[in-house]
Amino acid sequence: MTFCQKTKESTHVFAHNKKEFGHINKERLVGGMHSENGQEKYATEMKMLKRLCSGTIDQDELEKQLEENNGSVALVVEKIISKLINQNIEIPENDIDNKQNDQKTDSSLKKEDEKAEIGETNPGINLQGYCVYNQSCLASKANLPVWVNIGFADISFTSDKTSYCCPYCKQPTVTSIVKVMFFNSEHSIRANDDTAPVKSNNYQCFYIVKPGLTYELKASKIRQHAISLEDLIARSENAMASVEIVNLVKELERYSITVVKPSKVKDKARLLEKIERDYKGNYNQVFDIGRFTILCNNPTTLQTAVIVMKKAEQFNLIVSEDKDFFDKQSKTHHRFHNIKLYVPKHDVYIEMQATLKNFTTLEGYTVIENPKLSHLFYELIRAWEPNVSSTQEQKLKQASDKTLTKINDIICEWIDEKGSKKIAERYKTHSNIMILKPPQLSNRTEEEIKKNISLKVAQFAYEQLCKFTPEGMKGKALYVILYDYYKKYIIGDKNLASYADFLALLQKSRKQELEEDVAISQALETYIPLQANNYPHMDGEDGANEKTYDCHQHVLEFLQEQSEEKQEKEQKRKVMIIQGKSGSGKSIFCRHLEKALWEATNLSDLKKDIPIYISLSKLYNKQNEKDIILQALQCKHINKEIMDTIREKLSFVFIMDGFDEIFDFYRTFDNVQYFYDRFNLNQWNAKIVITCRSNVLHDDDINAALIDVNQNDTSMMYLWPFTKQQMHSYIEKFAITRSKNNKKNKEKIWSSQQYEETLNNYPNLLKMIEEPFLLQLILTVLPSLVKQYGADSKISKAQVYEAFNEQWIDIHVKNILSKLSELKIQTNPKKIKLAFQKYCQDLGFEMFVQGNQVATESDNIIQNQSNLIFNKVDPIIEIKIEEIDEKKLEIKTNEIDTLAIKIQDIWEKYFNGDSIAKYLLRRVGDNKYQFLHKSCQEYYASQKIIFDIISWKPDTANIDYQQFQQQFEAHISKLSINFKLLNEELGIIQFIAERIHDTNPKFVNLKSRLFRIIESSKTNKYINIAAANAITILNSANVNMHYQNWDNIKIPHAILDRAFLEGTSLNNANLDHVSFVQAFLNKTNFTNASMASIYFGEYAYLEGYSTSIFGVQLSPDGTKIVSCLSDKTIRIWDASLGKQIQLLKGHSDRIKVAQFSPDSSKIASCSADNTIRIWDILSGQQLQKWEEHCGDIQFSYDSSKIVSCSGDNMIRVWSVSSGKQIQLLNGHSSIVNAAQFSSDGSKIISCSNDKTIRIWNVLSGEQLQILEGHSDYVISVQFTANASKIISYSLDQTIRIWNASSGQQMFVLKGHSTPINLVRVSPDGLKMLSCSQDSNIRIWDSLSGKQVQLLEGHSDWIKSAQFSPDSSRVVSGSSDKTIRIWDVSSGKQLQMLEGHLGIVRGVEFFPRDLKILSYSGDKTIRIWDVALERKIQLTEGHLDNVNEVQFSPDGSKIVSSSLDKTVRLWDVQSGRPIQVFEGHSSWVRGIRFSPDGSKIASFAYFDKVIQMWHVASGKQFHRLEGHLKDVNGVQFSSDGTKIASCSDDKTIRIWDMLSGKQLQVLEGHLDKVSGVQFSPDSSKIVSCSSDKTVRLWDVFSGKQLGSFEKHKNSLTDTQFSPDGSKIVSCSSDKTIRIWDVSSGKQLLLLEGHSDVIKGVRFSPNASQIVSCSQDKTIRLWDASSGKQLRILEGHSEYIVDALFSSDGSKLISCSWDKTIRIWDVSSGKQVQLLEGHNGKIYGMRLSQCGSKIVSCSEDRTIRLWSIDTSKTDNNVETNLAKCIWQVGVQSRGLSMKDSVWKNTTGLTPQQKLLVEQRGGKY
């Protein structure tokens, strides 16, 4: 044979060394330090050497050689070759000498020496030769052999005539072959010298090639030689059990190497599938049927195992393939050394796969967590052939392959520990992040998933991530890799892979929202915790004195409570409603709450509720309201498909802000009202916090929309105004924030002290800043307000908004001018500012019209806009600007562009082109814009309406009134006020109303033009919206509209609540749907008016009574009323119609009680005639009559029985159906006062004057228990609803709670100081109320027995009280003739209903309606509407009785005092309020102007002080303290330097006006001092007292000058004569006495009055004296003789005061009969009658000029009257005087006295009856 085979040992050594070189090189590259300079210097040469040496020489050595040889590659190569040639390579000791096992070959084959080689050898044929004739090739130049890989092929060549490509230079210059090497193949080689071919399947064979010979080579992949799969399996099984393999295994085990033999060969079905897919059906390509796994502890052991396997020839095995994937990555990156052993005996290949134990995933041997992950994933995707038409599927397959590789990289440590650790650090457990199920698996069956490989992959990844919980670093890294794959390719990058992703995205979205919404972000910086309560704040209340709670903490507690409930049981619907006024901080609180909840939420803790803020105005769409939560989440970039999965696992807190802003759209649906159902919130595990603006929704709207039947799971919270401390804290934060944001302008930044001091100069602003948003607004513009308005000015809310919005626009104009300047564009800043103002007005009004607070920019508009924002002004706006006369900038506006309304996108015109104006708005989302606050939108809408009205001008200047009116009327239909009713926009109404009273000249015509609009509606039916809006605005502004000629006006839907319409004529007017709640309609003429669906807010009382009413009850279903009377009849009424439907007669004596059965079908009555009767309600027939028993009666709960008790000490039980007596219960030893069934009807409880309570068994009649403990008569007893407790009360003034089963006394409730009238248990059983003769109601906690509230307010006995059906309120009726409604949680009085003229004996709530039923000693039964209506009027009047009024000395002002603790100052000409003086802690009793009118003194009940006020500023400047008891009177000295006061402490005190110091204490009186007066020259003081004396004092010395002691009873009044020489006094002794000042003698005794005299006055010339008395007369006396000149009679009640006119010709008197009368002194005739007050008149004063009278009343109003002083007593008939104006809201409900209703249409029968009852005439 002419060639020889080379042995394998040297090759092995070479490979081993190569491996070592590679390892060293790798280590160095990873961590070694490199010389960058050297690398840069010889970079090209180094690259060539590395390629040439192919890893044979270490890189350090190459660099060193290059440096030494100055970069000469040729010199380096020569030295390296020389070194390699002379190098001796040693075989390692553990390498086994295999020479004896070498195959016998021809002698022509001989071993060659090792030398350097170039190129790589690969499986198949490898030829070695030389590259020649190419001096550019280093291999050729150095004469180095090169390897040329042919692969698996059949080839032939002549050894010295070849042209193979050099692997180095890539040229066909390898012209001679010297050696052949076959690798990992079955091969044969034959030379043309006729030698036999050599065949072999050894994995590596070398053959020397001789020159000149031709060779034929064949190499093919190793393959099995079976004839069938079964044959292959059989051969494999036999081979695996063969001696050869067994011996090899033993040899391996000798080296402590673990060999794992599979328990059986692979499943045939599995094999067939693999063969078909991987090998296209060729089973002979399968080698792993029999595979051994060799597990090694470390790399050295692995190397040993490989060496052992490679000596397999000694076991008669052939190593046929050697694949080393331990240091070189396999396709799948598994790390192993794979050797195929040929078993000649069985002609089959067996696979031996060696790896480290750390890398194996073999079950039972692995240390890898989740070892099956890699294999299962591989099996899932290895045969996957993605659809060529599906790019997505192809991408998923590629990603799957890459992910499997990454998994194996971790398992087999291709990624080093540092890299794995970095990956593992991102690991989060499934329990922490909660993997989301892929949306593509939703609603898929298992069969569908099995058929779709993409779905199978998705399911596999999801399940693995959910189940796999690694602990080690590798496991965590595996998890992260799989999660990344899942997130990116299964779920999709833009979608959510886990709940943690969901939370992270929500947080990111929230952050983005706040970044875009600068206003909210800034507000959060200055956020101050809000205070709240369970009841609303009432105007006039001092929040600092109330027990409020922290709003935020309260909400957190609410949410926590619900979380705890959730753990115990399935969570119910839990809702918290937050109400607050506009600007009270609802939205900022919601954002703060959201922020706080997020801060408390850990992304790894998914058990906490996730806060989601939802702006309802931004998101609400009535078409898709059921998906509002989905819309909210989509706006936060949450994919819709994933939401079903999300809501299955997570719980939420939905913070839904601004329900009031969507209510107009919301309520158009009539089917379902409750928001929880409408918004599909039951699909979410969520707690709801929802906000609503106060007074926008009626109570019934709130109940229907926000509470529904869910009242027990709904909490209501009301935001309260800022306290002084909160305001102080906010101002400090605001000042600090402003300072931080304006560091460059420190000198211009105010300190918090400056802000507070400045605010104190503007009292009306101090009230406004109680609202958080207004506080922010006012602080922002306060410096500019100070410049614009002087100190002590009264600045309106509209003026504040005007200043703020001016400043806001100015800032943006400045920014735009700066941008335009950069672009060298010049423009007029006034034009830009005007454009912005008009834009805001138009947009604000458009939002009102559309009922939407959010303007949306169309995507099409955005796409068409230029990227340059500031390059030009909006062309549409620019054009309009040019048309505006700059001289008229202050009022000029443009008409509404009617064409724009036709545009499909209503917002398009506001975002057309490069609109700069939109950047004035607050961006609240993608393409969505709002004003800074809803109130800003309301302000701009109001401005639009106002300027539309006042900017109109007639065609010509000189026209008369009629022409002016005609032209104006023609224009009204185009005004914006005529577009839409303003009724639901209280903010807009009030902004316009404030402008009516604005002193700015540009608003001077607003009021008159609103009147013109109303006037124009008489003849123009198309302006009725404008007219209705106009009159609503005027009413809101408290403009008196009395005595107007408004015949034929058309104002449907107007709001005239509390309107003052006295004497106004509304003949033929269209008043459909008008609201007249508490309106003053006395003398108003409604003849022929249309009044369909008008609303009075009150109901007619039930008529038909001429005798006393003993009892009234509402049926359980609320549809009927029963009453029993002293006339022996029972009447049944229809509750809705007020009509009597039955009159039941039969009793022969007065009826004590009538009661409905629980099923409302029958009535039981008992009478003093000793009978009990049962009546059928429908027929009115008497069904049963039981004699000889009368007392308390009670139906059983099933209406089948009645229990009765009587004075005979007996209790009887009756059958309703049969009429028979069932039981006679005998045991009490005295009168039985009450008996009641238990709820199940099995027991009866009774109480008696014998002081005991007894429990009886109904069935047997047996007495079960006696309860003893009361020390006096037990008046009443009752079971609680569940019959577990018994409640009783007694004349011993205690209430006792007993355990019903044990009879043990649980609690004794004490507190009442007088006998208890009644006890009631709340419907929810949690509370009780009790009332007594002490005028108080006490609320008790049923569980603890503790008193929780004391309801104070009634001034007389409380006769009746009852809980509301929802247990939240109490209604009470009293002997003081009032009905009061109370809030249970706060103890606050919510409403007081006045109207009954007698004791209110009974009250109760209707079960379903917001109504109250009452009956009274005035013989009436009334139904009251107690829904809290919206108050549209500006709060300008007293909130309680007005008890005194006084003109200023110059007659320009009026001061008033009230029980509401305030003093108010009014302008006489307009009736407008000027100042409100607040500071008294109790009812203000009296007021006085100083002589110059610049100051006011006031004093109050109980607070013992006198307050001094500056009229101009409204500030208190002195607080005079010294009196020890109530102050009864105050008077200024004539020069204004001193003040005198008197008190119950028996003293008179004199004070210095300037310093406020006390000058004198005048002591001497023995009882309280009731009056004091300076003498005309201020040198003396006269006082009167309850000690029956009048005393005279010297002012300067304080000495008593005299004591006048003739009166026999308390003094009521005393007065100096005009010249100071006399004193007149009057007393309760019914006498008047005149005294001489100088002598102290009594001059005259005037007698004639028959009752207490309340007041006396000298006439201006001192010739006459007038007196008034409780005897209802006024008497005129001659001052010199004491003769009675006149008795003036006419008043029907107690006369309060009588005054002389300034000339003494007239007398003016006022009385509790609600009238003021003017009398002619000379004739004694009444010449004028002033009627109008609805309550007692408490005071009056005459102006200095004598032409006006001011009066005040318990009806809370003040009236200014004009009087004709020129009238004499000659031929003068009594005539009526007109009221100039009325201020305040009268408290007596609807007033209709003498109103005319002839031929009106649209009134219901109930309303007609109401009109008649209130004094209207038909």
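The backbone N, Cα and C atoms fix where each Cβ goes, and this holds for glycine too.
For 549-579, the entry in TrEMBL reads coiled coil.
The compositional bias 'Basic and acidic residues' annotation in TrEMBL covers 96-117.
Residues or ranges marked as domain 'NACHT' in TrEMBL: 575-733.
Look at TrEMBL and you will find 95-117 tagged as region 'Disordered'.
The feature repeat 'WD' is assigned by TrEMBL to 1102-1143 (among others). Long-range contacts of the repeat 'WD' (1102-1143) within the same chain, counting only residues at least 6 positions beyond its ends with a Cβ under 8 Å from a Cβ of the stretch, are 1149-1156, 1158-1160, 1163, 1165, 1167, 1175, 1177, 1180, 1401-1402, 1404, 1406-1409, 1413-1417, 1419-1423, 1805-1806, 1809, 1813.
Looking at the repeat 'WD' (1144-1185) alone, the prediction's average pLDDT is 91. Taken from TrEMBL, the feature repeat 'WD' applies to 1144-1185 (among others).
Among the features that TrEMBL reports, repeat 'WD' is placed at 1225-1266 (among others). Tertiary neighbourhood of the repeat 'WD' (1225-1266): same-chain residues 1191-1192, 1194-1198, 1200-1201, 1203-1207, 1209-1213, 1272-1279, 1281-1283, 1286, 1288, 1290, 1298, 1300, 1303, selected by CB-CB distance under 8 Å and a gap of 6+ residues from either end.
Residues or ranges marked as repeat 'WD' in TrEMBL: 1351-1392 (among others).
Broken down with DSSP, the repeat 'WD' (1393-1434) shows 0 helix, 19 strand, 23 coil. Here TrEMBL flags 1393-1434 (among others) as repeat 'WD'.
As annotated by TrEMBL, repeat 'WD' applies to 1435-1476 (among others). If you look at the repeat 'WD' (1435-1476), the same-chain residues 6 or more away from its ends with a CB under 8 A from one of its CBs are 538-540, 763-764, 767, 794, 997, 1038, 1040, 1482-1489, 1491-1493, 1496, 1498, 1500, 1507, 1509, 1511, 1514, 1735, 1738-1745, 1748, 1750-1754, 1756-1758, 1760, 1780-1785.
The repeat 'WD' annotation in TrEMBL covers 1520-1561 (among others). Only residues 6 or more beyond the boundaries of the repeat 'WD' (1520-1561), in the same chain, are considered here, and those with a CB under 8 A from a CB of the stretch are 1485-1486, 1488-1492, 1495, 1497-1502, 1504-1508, 1567-1574, 1576-1578, 1581, 1583, 1585, 1587, 1593, 1595, 1598.
Cβ atoms under 8 Å from those of the repeat 'WD' (1562-1603) belong to residues 1525, 1528-1535, 1538, 1540-1550, 1609-1616, 1618-1620, 1623, 1625, 1627, 1633, 1635, 1637, 1640 of the same chain, restricted to positions at least 6 beyond its ends. Taken from TrEMBL, the feature repeat 'WD' applies to 1562-1603 (among others).
Look at TrEMBL and you will find 1604-1645 (among others) tagged as repeat 'WD'. Note on the repeat 'WD' (1604-1645): residues 1567, 1570-1571, 1573-1577, 1580, 1582-1586, 1588-1592, 1651-1658, 1660-1662, 1665, 1667, 1669, 1677, 1679, 1681-1682 of its chain, located 6 or more positions outside it, place their CB under 8 angstroms from a CB of the stretch.
Taken from TrEMBL, the feature repeat 'WD' applies to 1646-1687 (among others). Non-local neighbours of the repeat 'WD' (1646-1687) in the same chain are 1612-1619, 1622, 1624-1628, 1630-1634, 1693-1700, 1702-1704, 1707, 1709, 1711, 1719, 1721, 1724; each lies 6+ residues outside the stretch with a CB under 8 Å from one of its CB atoms.
Beyond its flanks by at least six residues, the repeat 'WD' (1688-1729) meets 1654-1655, 1657-1661, 1663-1664, 1666-1670, 1672-1676, 1735-1742, 1744-1746, 1749, 1751, 1753, 1761, 1763-1765, 1767-1769, 1772, 1774-1777 of its own chain at Cβ-Cβ distances under 8 Å. Under the heading repeat 'WD', TrEMBL lists 1688-1729 (among others).
Summarising the annotation, TrEMBL assigns repeat 'WD' to 1730-1771 (among others). Outside the repeat 'WD' (1730-1771) by six or more residues, the chain places 1062, 1080, 1082, 1437-1447, 1449-1451, 1454, 1456, 1458, 1466, 1468, 1471, 1693, 1696-1697, 1699, 1701-1703, 1705-1706, 1708, 1710-1712, 1714-1718, 1720, 1722-1724, 1777-1788, 1791 with a CB less than 8 A from a CB of the stretch.
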* Structure fact -> Within the same chain, the residues 6 or more beyond the ends of the repeat 'WD' (1351-1392) and with Cβ under 8 Å of it are 533-535, 538, 711, 1317-1318, 1320-1324, 1326-1327, 1329, 1331-1333, 1335-1339, 1398-1405, 1407-1408, 1412, 1414, 1416, 1424, 1426, 1428, 1787
* Helix-strand-coil residue split for the repeat 'WD' (1102-1143), DSSP-based -> 0 helix, 22 strand, 20 coil
* Asked: Short question: which residues 6 or more past the ends of the repeat 'WD' (1393-1434) have a Cβ under 8 Å from it?
  -> 695-696, 698-700, 986, 989-990, 993-994, 1032, 1035-1038, 1055, 1057-1058, 1075, 1077, 1097-1099, 1101-1103, 1105-1109, 1111-1114, 1116-1118, 1121, 1123, 1133, 1135, 1138, 1359-1365, 1369, 1371-1375, 1377-1381, 1785, 1787-1789
* What is the three-state DSSP composition of the repeat 'WD' (1351-1392), stated as helix, strand and coil residue counts? -> 0 helix, 23 strand, 19 coil
